[in-house]
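Worksheet: one structure, shown below.
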């Protein structure tokens, strides 16, 4: 790794990609939180009592807050490194050893691992919630409550924080990557103690991705069956029957879009971790591309789960489907 101990940013690098990712993530998540707040205000009863919110509302709010917090904590550090032309290890206090990255670099590596894993756990909880509501509605109505959704979000955050802190305790090695503006867990070279954590991290991410895809595919199958049963064959769709059918098609389109985008954004980092551990692949440009793909996931989440569910977008989808 040529930038492992560098003090300056590698020449020829631009801050434009990081700035675009930060602006897009900030805009999408702030807009999503505003829409969620507006939805909560509209749901109030005439007497002014607080509205009953579903488990999905709590989980999607936690997802938007987590993605926004990740952007606000990580992106300014990257932009500051570009502004001062200093690497992350040079910006913060030095490590305990000569080859050990600085404190800021170690913190950045922890935050990168945490904000890559925590939203994935929340996405799995949301996929399970959708699958249970469609395939097992009686169980869903009886057991999945707002309190359960409110308890799942901090529990997932606590488990992710404990797991991602393992490299700080010696299992895994935080390291600075080229061009010197980001740090992550070392994914190539070293012994089993250094490479055990990235393999474990990639395996856990892979299992979560498979579980999310399986839940979404099952939900899409239920939605497709519901859309085919309304209306019956050979009869013209009545206005009352056409509305729920179009709503099911809306959900079907969103689930398919979310599944494809989430898989495309998550797989590059998983593949890079396995290639680095078992094939000793030191391609840092590919590592940086995998990191940016993972960052795109936090940009896509608010649009797919919140903004695309608004009435304006639904009416647009319905016009396209009719044509």
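Here the Cβ of each residue, glycine as well, is placed from N, Cα and C on the backbone.
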Field: 199-219, 220-240 - the range that TrEMBL marks as transmembrane segment
entry: 199-219
- prompt: When you scan the chain for residues with a C-beta under 8 Å from the transmembrane segment (252-275), skipping those not six or more beyond its ends, what do you find?
  reply: 116, 120, 123, 130, 187-188, 198-199, 201-202, 205-206, 209, 212-213, 216-217, 219-220, 223-224, 227, 281, 286-287, 289-291, 293-294, 296-297, 300, 304-305, 308-309, 317
